[in-house]
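**Q** Below are the features listed in TrEMBL for this protein:
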- 47-69: transmembrane segment (TRANSMEM)
- 76-101: transmembrane segment (TRANSMEM)
- 107-132: transmembrane segment (TRANSMEM)
- 226-244: transmembrane segment (TRANSMEM)
- 257-324: domain 'Wax synthase' (DOMAIN)
- 301-322: transmembrane segment (TRANSMEM)
- 350-370: transmembrane segment (TRANSMEM)
- 382-401: transmembrane segment (TRANSMEM)
Amino acid sequence: MERISTYFLEDSPHMWTRDLREPALTFELFGQEWGFYFMNVMAWCELLAFTAVQSITVALLSVFVYKVVVQKQGTWFSMISCFAIAIPLLYLIPFGMFFVFNIRNQFMRFCIGAIMPVTCLFKTSAAAFGFLPKYATASIKSFAFYYTVPFTMEWNKKLDKYTPNTFAEVLVQLQGFGKLLIVMAFMKSLYSLIPDIVPPFATGKPDADYYSIASAFLPRTLLRNLLYICFICPSVTVMCYGFLVAQNIVTGVKACPAMDNPFLTSRSFSKFWGGKWNLVIHNVLKMGVYLPVRKYFSKHIAMIATFVASGLFHEVLLWYFMLPIDDAQGCLSDENARNTSVDCYMPRPFTTTLFFIWQAAGIAVEYSPLVKYLTFWDKVPTLFASMIIIFLGGAPLGHFFSEPYWNSLCLENAMIMFSFVKPMGAA
């Protein structure tokens with residue numbers, strides 16, 4: 001089968017595994033030459049185009065899900081169709097796209113695997129257990145629309161329809177997206193100046209003691225992890241916001257916010273994960289995991305199951321952008337390349353899951369008898385309380401989550417989508 005990629009230009013951004021941009025301008029400052037790199041607009045266009053192709057494929061799958069999962073909800077046939085057919089297909093679709101379009105940019109592969117397959121997975125689970133909203137299953141047309149659109153859309157209960165997104169709101173949203181791009185430009189430019197504190201991207205496999213408990217609480221590790229958080233979280237935010245704005249424009253429907261100021265207003269672990277951070281995933285996890293488990297077990301068991309599910313699907317995401325689609329870099333045939341080349345980097349299994357279990361432990365404390373000794377917490381200002389929560393949740397084991405993205409080519413490949421300044425010759 002001839003790859004469609006043969007019809008793309010050879011230097012199309014989705015094929016890049018390195019940043020091939022030349023600086024838009026150079027200048028000297030403090031006796032050193034600097035370069036300004038402008039974001040690759042074509043990379044954004046390609047990513048949106050791939051998302052559109054994926055949406056069409058998922059829309060076709062939604063017909064099957066509606067017929068055999070939604071309409072036969074509560075039967076064994078529905079369950080088998082959900083977990084043995086629909087969900088595996090959702091995860092296989094991105095791999096097919098990687099091969100057909102020769103997508104080698106690891107960040108694009110991550111986005112293709114992280115958004116639509118994940119939201120559809122948990123929507124499918126929610127459909128099997130009967131926890132989808134009624135308006136989503138009213139007809140096959142309404143279900144296909146709800147299923148295919150990744151970001152939760154605002155439903156007006158009084159008018160019994162989706163809330164339209166106005167042109168004025170689109171302009172405000174585009175302005176907000178532009179501001180986030182500026183924040184990312186500043187963050188990347190700043191981090192390029194402190195390589196001794198924040199390691200550069202794509203350094204390959206870490207040292208043997210990287211994941212040891214002893215090193216997790218070293219001051220240098222805590223600082224590095226906090227700096228990781230300060231970079232990765234805005235990266236996720238800007239990508240979510242970009243896709244959200246694109247969805248609003250295409251559908252004409254107002255999407256619910258993807259984030260709710262998680263770093264300045266989260267007074268607890270449960271607030272951060274349950275009502276502030278990545279509300280898109282929170283909503284589908286609640287419908288597809290928490291509520292089905294809560295139907296039969298306690299809320300504590302349901303909470304743990306939700307975080308384990310979150311950890312496991314993040315483990316799968318790593319394979320989306322790291323699994324080689326051919327042997328061009330020797331990752332399949334050359335043992336030395338597998339052990340030394342960053343192109344062949346593979347993550348350590350289940351570190352991401354352990355990170356999410358750590359978050360679940362933080363929430364467990366909130367529901368334990370220990371909370372009676374924390375009566376002073378209500379008097380702590382929200383900003384300081386949020387900073388403490390971020391530190392406790394991310395500083396000790398933050399690298400368990402961030403390392404695969406940082407040390408592989410994922411974030412390195414992501415940088416082509418952003419503008420920044422860096423010293424010439426720096427990573």
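Glycine too: its Cβ is placed from the backbone N, Cα and C atoms.
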**Q** Under 8 Å between C-beta atoms and at least six residues away from its ends: which parts of the chain pack against the transmembrane segment (107-132)?
**A** 13-14, 43, 46-47, 50-51, 54-55, 58, 61, 65, 69-70, 73-74, 78-79, 82-83, 86-87, 90-91, 93-94, 97-98, 146-148, 150-151, 239, 243, 280-281, 284-285, 287-289, 291-292, 295, 313, 316-317, 320-321, 405, 410-411, 413-414, 417
**Q** Run through the domain 'Wax synthase' (257-324) and tell me, per DSSP, how many residues are helix, strand and coil.
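**A** Per DSSP, the residues of the domain 'Wax synthase' (257-324) fall into 51 helix, 0 strand, 17 coil.
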**Q** Can you tell me which parts of the same chain pack against the transmembrane segment (382-401), counting only residues 6+ beyond its ends and a CB-CB cutoff under 8 A?
**A** 210-211, 216-217, 221-222, 224-226, 228-229, 263-269, 271-272, 314, 351-352, 354-356, 358-359, 362
**Q** Averaged over the whole of the domain 'Wax synthase' (257-324), what is the pLDDT?
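**A** Mean model confidence (pLDDT) across the domain 'Wax synthase' (257-324) is 92.
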